[in-house]
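Each remark here refers to the structure printed beneath this line.
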Amino acid sequence: MKKIEAWLSKKGLKNKRTLIVVIAFVLFIIFLFLLLNSNSEDSGNITITENAELRTGPNAAYPVIYKVEKGDHFKKIGKVGKWIEVEDTSSNEKGWIAGWHTNLDIVADNTKEKNPLQGKTIVLDPGHGGSDQGASSNTKYKSLEKDYTLKTAKELQRTLEKEGATVKMTRTDDTYVSLENRDIKGDAYLSIHNDALESSNANGMTVYWYHDNQRALADTLDATIQKKGLLSNRGSRQENYQVLRQTKVPAVLLELGYISNPTDETMIKDQLHRQILEQAIVDGLKIYFSA
């Protein structure tokens, strides 16, 4: 104790009031340092330091909203892990950016992020086939549902396999397969169809589910297709279809446009439009398996 008092006397701090002032000043300096040091992390604004992408969620599996460039500025509104939720103040568009592409002190992930579809088994069920032609159009093209469900499924199969998924098809050619024999197990089951009504006015796409464990997949695919597709959106709905009822795995029935509607038929026939829909489905599956 005497040594402490001697040191205080030497420094001219023997007076208790002076000591309190010094301690308060030191604590203020420490607080100010901590505040300034955390400012870059908690700042309301961030700057992009290298070209990157604005995504719909905090993961590289989420779809890209648009490209961002070095020097762009955003308002920071949230953070999950190393991903920053931002808002474009000019357009009010919200999205997520990997923190290491910003001026924030966030170290990049050096490990390659695993593709969420890697190792997953996806069952594709092209509706109808053979003697069961499904719906048909009333235009000069006389398009048949069974043909375009198969085209879509085959194109989607190639895209999914490139992503590392294993794909099982309930049919690969123009043959009839009973509903009972379409019950194939996998991590996800997609039954692909085109809708039709007597009236040519009905249009758009619908995602159907039946069991409760199928709804999350249906809602996710509905959101990603709505984001990218040109078809009007009729939402995600519960329906008692046999292909959904007889399987217990996450399954959906996709009605990708009304073949009885001339505008929808044009999009169903167009390969580029199908590819956009197919990529939206892949994006949705990635998000679903990343959750």
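Backbone N, Cα and C define each Cβ position, glycine as well.
The annotation signal peptide is assigned in Swiss-Prot to 1-40. Residues or ranges marked as domain 'SH3b' by Swiss-Prot: 41-105. Positions annotated as region 'Disordered' by Swiss-Prot: 118-140. Residues or ranges marked as domain 'MurNAc-LAA' by Swiss-Prot on the basis of a curator's inference: 122-286.
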(request) Please give the sequence-distant neighbours of the region 'Disordered' (118-140): residues at least 6 beyond its ends with Cβ less than 8 Å from one of its Cβ atoms. (result) 146, 149-150, 152-154, 156-157, 160, 163-171, 173-177, 182, 184-196, 200, 243, 249, 251, 259-260, 262, 265, 285, 289
(message) As a quick check of your reading of DSSP, tell me how many residues in the region 'Disordered' (118-140) are helical, how many are strand and how many are coil.
(response) 0 helix, 9 strand, 14 coil
(request) Tally the residues of the domain 'SH3b' (41-105) by DSSP class, grouping H, G and I as helix, E and B as strand, and everything else as coil. (result) 5 helix, 32 strand, 28 coil
(request) Grab the pLDDT values for the domain 'SH3b' (41-105) and give me their mean, rounded. (result) 89
